[in-house]
Amino acid sequence: MTKITNDLFLKAARKEQVDRIPVWYMRQAGRSQPEYRKLKEKYSLFEITHQPEICAYVTKLPVDQYGVDAAILYKDIMTPLPGMGVDVEIKSGIGPVIHNPIRSFQDVEKLTMFKPEIEVPYVLDTIKLLADDMLDVPLIGFAGAPFTLASYMIEGGPSKNYHQTKSFMYREPEVWAILMEKLGRMTANYLIAQINAGASAVQLFDSWVGALSRADYAEYIRPVIEMIVREVKAVHPTTPIIMQAVGASHLLAEWETMPLDVVGVDWRETITSARKKVPTKAIQGNLDPSTLLAPEKCLKEANRILQEGVLEPGYIFNLGHGVFPEVPPEMLKKLTNYIHERSEILLKKDDIK
């Protein structure tokens, strides 16, 4: 395995002292990079993710080009679902479309057991390739969390309100619990397999869970998240686990009492406020990705965020959501350099101004 010479991200995830703030970006791989767009002219997303050499190349690009302190595996949260019998298609301009949406207990019953080594060997081969030969920074593996996966599976695709998902959850609580159990087992096995293959940390993406109240989260979702985290930690107790959601500030207190290591927040929550709600966790975030299209505003916001981030150990600079395709790659490089240089100055100061 290649030696990790830049461990800033891992130190921050463990709430250790660092000499500069680590930075990486959700959806940093692909998206706006010209090299990626050339690949997309020749290969589909499916083809890229199923070819370890190409997928590893795309994953490594932002490390080389932007100088970020961690790589995140280039995959889609839908990747494991076909291995459970879900007929999913990624449609350009739409996103994931499920051709056999869940409508009943019978549909949930049909979901099969997921074995990562059999169903997604190309994911594990990509990780091994990156960890063994290509990276000197930590590699972050990831999985979609059960609520977000279930919302696609029930709605049949992206949704603005999740009415079908929530009504199914309320109307069929016992069936919902079975669905969560199946998705939870899959997610735990998937994350464990990624760490076994060489991932240094893993992130749970629960993009849409902010649509739930805290009470509903505690009743319908928390048990399965606790199960996932518990199972991963039982096998890999020292591997950092990150929880990332959007519009979910009201759920921070739920995550404080779970054995998570890092909690990601978006621009609706300040770093200082988040720390008060999750004092034992490292914080990741929280620049609004829209500011990347307004360079002056972007750096001003980054400075404001950094001034809060450096006040305590355990801070990782990131976005509150993923990079937009319209973002110029040079802006991400400029921002990365700024975060490194500015945070190094701030961390040396006794009085932050």
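For all residues, glycine too, the Cβ spot is worked out from N, Cα and C.
Computed from a predicted structure; not experimentally measured.
Per Swiss-Prot, substrate is bound by R27, Q28, A29, G30, R31, F46, Y152, S207, H321; the candidate from D76, D107, D261 named for the same site is D76.
Those residues noted as binding substrate (R27, Q28, A29, G30, R31, F46, D76, Y152, S207, H321) have their most widely separated CA atoms at a distance of 23 Å. The number of other CB atoms found within 10 A of the CB of R27 (substrate binding site), across every protein chain shown, is 18.
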